[in-house]
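The transmembrane segment feature in TrEMBL is assigned to 19-39, 82-101, 113-132, 138-159, 171-193, 199-221, 283-307, 319-341, 348-368, 388-410, 422-445, 451-472. The feature domain 'Major facilitator superfamily (MFS) profile' is assigned by TrEMBL to 26-476.
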Amino acid sequence: MAGGVLVASTNERQYEGNVTMFVLVTCLVAAMGGLLFGYDLGITGGVTSMEPFLVKFFPGVYKQMKDESGHESQYCKFDNELLTLFTSSLYLAALIASFFASTTTRMLGRKASMFAGGLFFLVGALLNGFAVNIEMLIIGRLLLGFGVGYCNQSVPVYLSEMAPAKIRGALNMGFQMMITIGILGANIINYFTSNLESGWRISLGIGAVPAILLCIGSFFLGDTPNSMIERGQKEGARKMLQKIRGIDNVDEEFQDLIDASEEAKKVEHPWKNITQLRYRPQLTFCSLIPFFQQLTGINVIMFYAPVLFKTLGFGNNASLMSAVITGGVNVLATFVSIFTVDKFGRKILFLEGGIQMFICQIIVGSMIAIKFGVSGEGSFTHIEANLLLFFICLYVSAFAWSWGPLGWLVPSEICSLEVRSAGQATNVAVNMLFTFFIAQVFLTMLCHLKFGLFFFFAGFVLIMTIFIVVFFPETNNVPIEEMNKVWKSHWFWTKFVPDVVVDQDHKVVA
């Protein structure tokens with residue numbers, strides 16, 4: 001082209017830099033935001049299966065659970081709208097909070113959003129722990145939801161922006177690792193508090209601990225260079241970039257961040273902007289990945305595990321211990337993704353996990369169908385119950401090294417700076433909307449669809465796996481400011497993404 005102008009190559013740029021202890025510790029502290037979400041996912045199901053809690057707040061459910069007349073099938077013993085509202089109200093609040101968090105994250109920085117999330121969660125946990133009526137319980141849940149919304153909005157973006165491209169996947173998955181640790185910790189606490197008269201207060205109140213840790217930790221974190229540049233703090237951003245990369249010469253990466261910020265400033269309305277055709281790939285994946293993630297059915301297992309196992313004939317302690325076992329599998333399997341995501345890439349983990357989840361759900365649904373049928377009458381032998389638990393653990397492990405961590409990683413790394421906050425807010429909002437939906441209707445669906453519920457989720461797993469095969473390009477080891485080149489080289493998304501034209505000094509001119 002005349003004047004030395006050329007179309008940008010699809011070869012992604014690699015920046016200089018080391019993996020420093022500073023960036024590892026920083027990302028570990030930030031990832032504690034996942035503890036809040038995980039703890040709540042794990043604690044809720046255990047608390048709602050504790051008899052003193054049900055007697056105090058949901059006596060109708062307690063009476064239904066103790067009904068020995070045979071009028072209620074096993075599938076319907078926990079079907080109660082108020083009980084599901086207790087669980088799902090948090091996710092509705094998180095959905096609303098994600099839109100406010102988007103503005104906070106953009107204008108005040110990522111660490112300000114993390115601190116706000118910890119503070120909301122702290123107050124909510126204390127209200128729940130000291131609750132004396134259902135109103136106090138629900139208000140506490142709503143505040144917990146605001147905390148989850150703020151953290152889920154800011155933490156994945158923070159991790160993706162701080163991490164070097166070559167280990168971005170592993171560091172970002174620290175968020176999912178903390179979610180799984182939160183779930184496991186909650187399950188263990190539920191197991192030991194289940195026989196105490198006020199055990200539910202201990203379980204709910206301990207949620208204040210990870211919230212305090214996050215609030216304190218956020219004070220000592222630095223903000224990301226991207227965020228600092230976005231807010232006009234260029235000199236501070238350069239120093240932070242040098243600190244997290246461990247070298248003095250960060251000119252190339254720093255200039256790319258400034259260029260991206262200048263482009264982002266031209267966008268007055270990021271929410272309107274992300275709906276433009278050129279951002280169709282980002283909008284599609286920020287919407288469909290969290291949608292599909294929830295329709296794997298995983299949160300049915302995570303926050304209703306004790307209730308589900310109790311429904312299937314496990315005793316109270318056995319159901320809680322089974323939840324501890326699945327929680328432990330969840331943690332261990334997440335380590336698999338941390339050590340493989342940057343080596344084998346995102347796509348292979350999506351596909352392997354999808355196939356494994358599909359097979360396990362078909363087997364679990366078939367086992368329940370054979371034993372309980374449509375009447376809901378029956379029980380598992382000890383061997384059959386252990387076999388069911390084994391396949392549920394296989395299902396959980398598949399999710400934990402695929403759709404679990406990748407559901408947060410991919411949306412946080414694919415958006416350019418001008419739509420990053422809007423893209424992540426979309427991701428969180430869709431995730432919370434369908435988490436709310438699944439939490440609200442699961443017990444009713446179990447009552448009406450019975451064993452068919454597992455086939456219902458298996459069908460969606462099949463659809464989402466095919467979607468990944470056809471439409472998802474590999475994003476492994478690509479700097480997030482260079483991600484548009486990935487879309488441009490994809491057979492389908494190239495029609496939406498305009499050519500990026502640069503001059504000889506690597507300045508974008510069209």
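The backbone N, Cα and C atoms fix where each Cβ goes, and this holds for glycine too.
When the stretches 138-159, 171-193, 199-221, 319-341, 422-445 are ranked by Cβ pairs under 8 Å to the transmembrane segment (19-39), first place goes to 171-193. Packing against the transmembrane segment (171-193) from elsewhere in the chain are residues 23-24, 27-28, 30-43, 46-47, 50, 155-156, 159-160, 162-163, 199-200, 202-203, 206, 210, 302, 305-306, 317, 320-321, 323-324, 326-328, 330-331, 334-335, 337-338, 341, 400, 404-405, 408-409, 412-413: each is 6 or more residues past its ends and has a CB under 8 Å from a CB in it. Between the transmembrane segment (319-341) and the stretches 82-101, 113-132, 199-221, 348-368, 388-410, it is 388-410 that has the most C-beta pairs under 8 angstroms. For the transmembrane segment (199-221), the list of distant contacts is 26, 29-30, 32-33, 35-36, 39-40, 43, 46-47, 50, 52-53, 111, 114-115, 117-119, 121-122, 124-126, 128-131, 140, 144, 147, 151, 182, 186, 189-190, 193: same-chain residues at least six beyond its ends, Cβ to Cβ under 8 Å. Counted over residue pairs separated by six or more positions, the transmembrane segment (82-101) shares at least 3 Cβ pairs under 8 angstroms with the transmembrane segment (422-445), which defines the two as touching.
Remote same-chain partners of the transmembrane segment (113-132), defined as residues 6 or more beyond its termini with a Cβ less than 8 Å from a stretch Cβ, comprise 30, 33, 36, 57, 97, 101, 104-105, 139-151, 153-155, 158, 201-202, 204-208, 210-215, 218-219, 221.
When Cβ-Cβ distances below 8 Å are used as the criterion, the transmembrane segment (388-410) is approached by residues 152, 156, 160, 168-169, 172-173, 175-177, 179-180, 285, 289-290, 292-293, 296, 298, 301, 309, 312, 322, 325-326, 329-334, 336-338, 340-341, 346, 349-350, 352-354, 356-357, 360-361, 363-364, 367-368, 380, 427, 431, 464, 475 of the same chain, each at least six residues removed from its ends. Beyond its flanks by at least six residues, the transmembrane segment (422-445) meets 78-81, 83-85, 87-88, 91-92, 94-95, 98-99, 101-102, 105, 145, 148-149, 152-153, 156-157, 270-271, 273-274, 282-283, 286-287, 289-291, 293-295, 297, 299-300, 303-304, 307, 407-408, 411-412, 414-415, 453, 456 of its own chain at Cβ-Cβ distances under 8 Å. Across all of the domain 'Major facilitator superfamily (MFS) profile' (26-476), the predicted model scores a mean pLDDT of 84.
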